[in-house]
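Undergrad: My structure is below; once you've seen it, I'll send some questions.
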Amino acid sequence: MEGILSSTPRLFYSCMDSNDVYSKNFTHSKTQSVAEDGFSLRAVSSYRGNGISHALRLSKKNERLESSDFSKRNSNTRPIDRLKRTVTLNSEVSPHRAVSAVRLLRIDQGGAFVDLLNHNGNHSVDNEMDYVERTLGFHTRALDDRDIRLVTEVVGGAVRWRRYLDHLILSLCRDENTFSDMEPLLLQILRIGFYEILKLEMPPYAVVDENVKLAKVALRPGAGNLVNGILRRLLRLKESNSLPLPKVEGDDRAKARALATIYSHPVWMVRRWTKHLGLEATVKLMKWNNSEPSFSLRANSSRGFTRNDLVERLNLLKVPHDISLHTDEFVRIKTGMQSIIQAGLLKDGLCSVQDESAGMVVSVVNPLPGDTIVDCCAAPGGKTLFMASCLKGQGTVSAIDINKGRLRIVKDTAKIHHVDDIVTTIHADLRDFAERSFLRADKVLLDAPCSGLGVLSKRADLRWNRRWEDLEQLKNLQDELLDAASLLVKPGGVLVYSTCSIDPAENEERVVAFLLRHQEFSVDPVNRYVPPEFVTEGGFFLSNPAKHFLDGSFAARLVRT
């Protein structure tokens, strides 16, 4: 995944990917839809009237929704008026479980994003407790560092494993109506308990006791009794290794449904992947998507900061890391992001959070000193800044984006990274801009809006916010943007089309369709720019998460003849 980081962790997590499906060049409108097997998905958006069905929300809209409607959506919400009463402190309820339950409610009922909630709360504890008070009617002791880590793990994990957890909860209820009629808050408490027992392997009776307390205090004694009975049933089944999971047998559809439950993915994704990748590769991919995500840091050479310098700083901070095997500027980390943030490495522009796969897309562009480059869908700017640093102070990068606010982030961060003399921002719809502009560039990058199926490990809720229809509708947008981007390429110039998807319909098929419409372009194989294990038979770049242990990305290099 790709990203830039400013002074706040919120910016890091909301602007991590220039192909970020949550915010890339879309305007948003809220609605509700129901996906296969009854899993509820929320929000669609459109790209300038193209009707692109997209499960996307803006964080500002989330805040408006939550502040005005959230309490109405949850039958157990008790709005507070600080002028009329004092909210009590409950020292018995575990703070990480109370906060986790409320965050999960905000995701399910308010349409919030996992990553924004998890990392906004780190530096806004008062705001966090305000939501707890508003929803539960009491507050707990403040979150310490351990609590914050647990909340992040529990919320992200419970969302990733939602289908799996709900299958087990339903199986352990006395009857189906108990599950279908369950109050939203009670369901979140059970999801937390099941996740802590099955995936975190916390001390089981402590998990039972703490979640029962939360249910009794936040709801009523009867709710606590129900939680107690279901969790104890789970413990007995776990100890006897007899969890009621489906068997992978029958026809293709039946197998896909079983795998979708066991590995907690939508059925349509499993069926699509088994068709394209095969059963074994699909299972590996789902395991990767459910694993704890890793992040990569790119040393900012435009600040005179090398990877060796970055390694020295990480050693001083005692942050475990590995040197990238694929790109010269990158270091991979699993933990320690808060230490890096607090040390100011990101705020000062010495490095950026950016996945190695995104770095290799820039390698496919091959920016050289003196080049004129256009980044067509630039915000939030990770690839823009990397390309600018490669120019060594000679050349230009024109960063175009439809989102004015996110484009401002690109401009501000370019100053921090000392490439503001190279980067020019242009607020425009690429399709309108290309038709009326006389700009022609040596190299044009279109990092297109896509399904994001290559970055599911970092986007816990994205799998539930995607539908098969999204791919069909996105293809039209990708074709339109490719046609527009091609107008900006000078004769002999290069057009690079990239996505953070692993689906052929968004990748190879779009390139083939483009070449049929534009015979003045031809494929320039990428084997000169990236390691051979990333080169497809067609000469394209492709990183496969299950194979390369990186985010999934695709890039095609096309030359205008």
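Counting starts with 1 at the first residue shown.
Cβ atoms are placed via backbone N, Cα and C, with glycine included.
This is the feature table in TrEMBL:
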ACT_SITE  Cys500  active site, nucleophile
BINDING   Cys377, Ala378, Ala379, Pro380, Gly381, Gly382, Lys383, Asp401, Asp429, Asp447  S-adenosyl-L-methionine binding site
DOMAIN    285-561  domain 'SAM-dependent MTase RsmB/NOP-type'
Undergrad: Fewest other CB within 10 angstroms, which one of the recorded positions Cys377, Ala379, Cys500?
TA: Cys377
Undergrad: Taking the Cβ of Asp429 (S-adenosyl-L-methionine binding site) as the centre, how many other Cβ atoms fall within a 10 Å radius?
TA: 16
Undergrad: So for Lys383 (S-adenosyl-L-methionine binding site), how many other CB atoms are inside 10 Å of its CB?
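TA: Cβ-Cβ neighbours of Lys383 (S-adenosyl-L-methionine binding site) within 10 Å number 31.
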Undergrad: What Cα-Cα separation, expressed in whole Å, is found between Asp429 (S-adenosyl-L-methionine binding site) and Cys500 (active site, nucleophile)?
TA: 21
Undergrad: Using C-alpha atoms only, work out the spacing between Lys383 (S-adenosyl-L-methionine binding site) and the residue listed as 'active site, nucleophile' and round it to an integer in Å.
TA: 13
Undergrad: Have a look around Gly381 (S-adenosyl-L-methionine binding site) and count the other CB atoms within 10 A of its CB, chains all included.
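TA: Here the count is 31.
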Undergrad: Limited to the domain 'SAM-dependent MTase RsmB/NOP-type' (285-561), I'd like the whole-number average of pLDDT.
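TA: So the average pLDDT across the domain 'SAM-dependent MTase RsmB/NOP-type' (285-561) works out to 96.
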